[in-house]
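Engineer: Mind looking over this structure? Questions follow.
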Amino acid sequence: MEPSLLMWRFFVFIVVPGCVTEACHDDPPSLRNAMFKVFRYEVGTMINCDCKTGFRRVSAVMRCVGDSSHSAWENRCFCNSTSPAKNQVKQVTPAPEEHREKKHTDAQNQTQPPEEADLPGHCEEPPPWEHEREPLKRVYHFTLGQTVHYQCAQGFRALQTSPAESTCMMINGELRWTRPRLKCIREGEHGQASDDAEPQESTEAPPGSGTFLPTRMAGTTNFQKPTDEIATLDTFIFTTEYQIAVAGCTLLLASILLLSCLTWQRKWKKNRRTI
């Protein structure tokens, strides 16, 4: 085998798998009169670093990284003002004590590690960052193995008492969310619980439908009241950087295949001339 072909195949083996991510491209199932929570995030989960109008993000996304022994959020989100005037520091000489305190605070902010999870291998809900666009409407990119927990919206109750959850799994070669078994009826109504009750698809937008409740209580099954802070999960939208990365990986793979074909063709012609 020619050295060039061997090098390209080694390059494909090393680089191309890194371009493939086990991301759940669809949102978790939406149930009528129900909402879901996420207690902890799988390693690989990403959050869009969205900023308010007049500010731009430093990093495109914040990612949960780590392994079974340690996990944390990488690339914390920061928003810088797009106005030069706001970025200018006023030329005011601070008092010595204020200067030392400010210097210590700045150094601490720069060296402070990302938020760590209580449970290794997972990350908790990160705190809001300064100038975040809408903390209650963050855009999450879930990964394989992520589980979300469902509960009925305020004013509704579940017919069954068993936990209702959905997990992103590999099903028939595709990443899909499992169907949660939950049926919610209005409080005061009488209904018969059934283990075979199928989840109802949401055909309208009733109160609490399709909402997202982040929580920092990892590993617990006690739901907060629906009146707590909630966040609507926006439609999954790839960031521009992610689209560019996917396009680059596709172009790279096509180029490698083309070069491999050309190398094989040249080798074949060379062998034919020798014969």
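Going from the start of the chain as shown, residues are counted 1 onward.
Yeah, the Cβs are placed from backbone N, Cα and C, and that goes for glycine too.
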Engineer: In Swiss-Prot, CYS184 is listed as disulfide-bonded to which of the following: CYS123, CYS152?
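Structural biologist: Swiss-Prot says the disulfide from CYS184 goes to CYS152.
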Engineer: Return the single candidate from CYS49, CYS51, CYS123 listed in Swiss-Prot as disulfide-linked to CYS77.
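Structural biologist: Between CYS77 and one of CYS49, CYS51, CYS123, Swiss-Prot records a disulfide, namely with CYS49.
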Engineer: In Swiss-Prot's disulfide listing, CYS51 is paired with one of CYS19, CYS79, CYS123. Which one?
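Structural biologist: It is CYS79, per the disulfide annotation in Swiss-Prot.
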Engineer: How many of the residues that make up the topological domain 'Cytoplasmic' (263-275) does DSSP mark as helix, as strand and as coil?
Structural biologist: 12 helix, 0 strand, 1 coil
Engineer: Would you report the average pLDDT that the model assigns to the topological domain 'Cytoplasmic' (263-275)?
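Structural biologist: Within the topological domain 'Cytoplasmic' (263-275), the model's average pLDDT equals 81.
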